[in-house]
């Protein structure tokens, strides 16, 4: 029987017995055959398979070589409470046994959940706002793209900052900064268009540091065998943030007016920030509460890295896989950001859904992305664990992330019902999410120590796609059609597929 017994030590002295939590009963009347025998009692607790058994143990003549024990008074076995584990006699709640590296992953997930909640609420609120302030499509495109002005500014800077001072400080700053900017959006809109553009750009500044900071902190906390699934979970927070934002924004607008969306979503950042300060550390080496066995697991699967002091720009920019990452990030984000910012308008104008329907229907593609991202992460990690090269896995996953959306977007011009259009959009974004196990995991493959800087570098190209793509969509719609919008995205997806398969790599080029 797999069991552990905890016996209370005792001596013949009554005071000592009391100190050791044993029970000493008055000496019983000696038997005739043992006239001088002393009788002692103590309790024994036996731990076996999640149950505690308590016995009363009696000892006679403890000073003699030959000892006689009696076990009596067996009590009802008591089962541990759900989720508790016995550790050295101390009951430890399950959440204290939860791996700390996955606590970090979950906190990053929740940060990205808030990130997209605060980002997509404008795509719903812009409909009543444009009606109230008489904005035309070009102005709407300008407002939507103004977020990316600030987002662009902090990509590389956020990566350098995260790699030099640590991801905890940088991500914490980003969340609290963009949350304040979100809450100030209604005030800025009432003051005038220039103020709104500035506040949206300020919001972009905060969100711009999130990806580099997250990439930096996970490169230190997560072993390579868990890389794809951890990043997939974090990025699925963005998709579920879109789901949450698109689902709740119409309700809040109808009940309390469009400003309520920004006030309520912005206030959530303060709750996350307090938890982050209390639980997170930039590195497992900085966490004094990290269990030794988990620290060994992390450090044996990764090399401890000193803080970065200089960035080898020349070496980074001379590598073809880095340029493949930059070009493909641009191609990928062009389509992704158009879907992120313009889909409620597409559903409203083309499919004739009302405001509430537009928000709720937009939820389906993002739910599909959340599922697909995690599915792709598990598939990628499994393939790597089974011996397939990291390079091959990254190429497979990213090819799905490019060719899937390209195919389904080409079908939109041939469907004749709103249901089929929504299905095509869901399939397009679902296959797009496999990119989390492709190009989005590739930064840590190429340069683990400089992963924050590298993500900032490639995401700068991705943000430029957001700036130009979001603004260009407004212009195209004023002079063309939605088919023209989708054709541009498809062309970039195909270009990215060719570049990725020719030049990308999963091998480390710099550490």
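Residue numbers in this text run from 1 along the chain shown.
Cβ atoms here come from the backbone N, Cα and C positions, even for glycine.
What TrEMBL lists as domain 'Major facilitator superfamily (MFS) profile' is 104-508. The transmembrane segment annotation in TrEMBL covers 102-122, 142-162, 169-189, 195-218, 230-253, 322-347, 453-477, 484-503.
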Among the ranges 102-122, 195-218, 322-347, 453-477, the one whose Cβ pairs under 8 Å to the transmembrane segment (142-162) are most numerous:
195-218
Going along the chain, which residues at least six beyond the ends of the transmembrane segment (453-477) come within the CB cut-off of under 8 Å?
137-138, 140-142, 144-145, 148-149, 151-152, 155-160, 163, 208, 211-212, 215, 308, 311, 316, 322, 325-327, 329-335, 337-338, 341-342, 439, 443, 446-447, 484-485, 488-489, 492
Where, among 102-122, 195-218, 230-253, do we find the most CB pairs under 8 A to the transmembrane segment (322-347)?
102-122
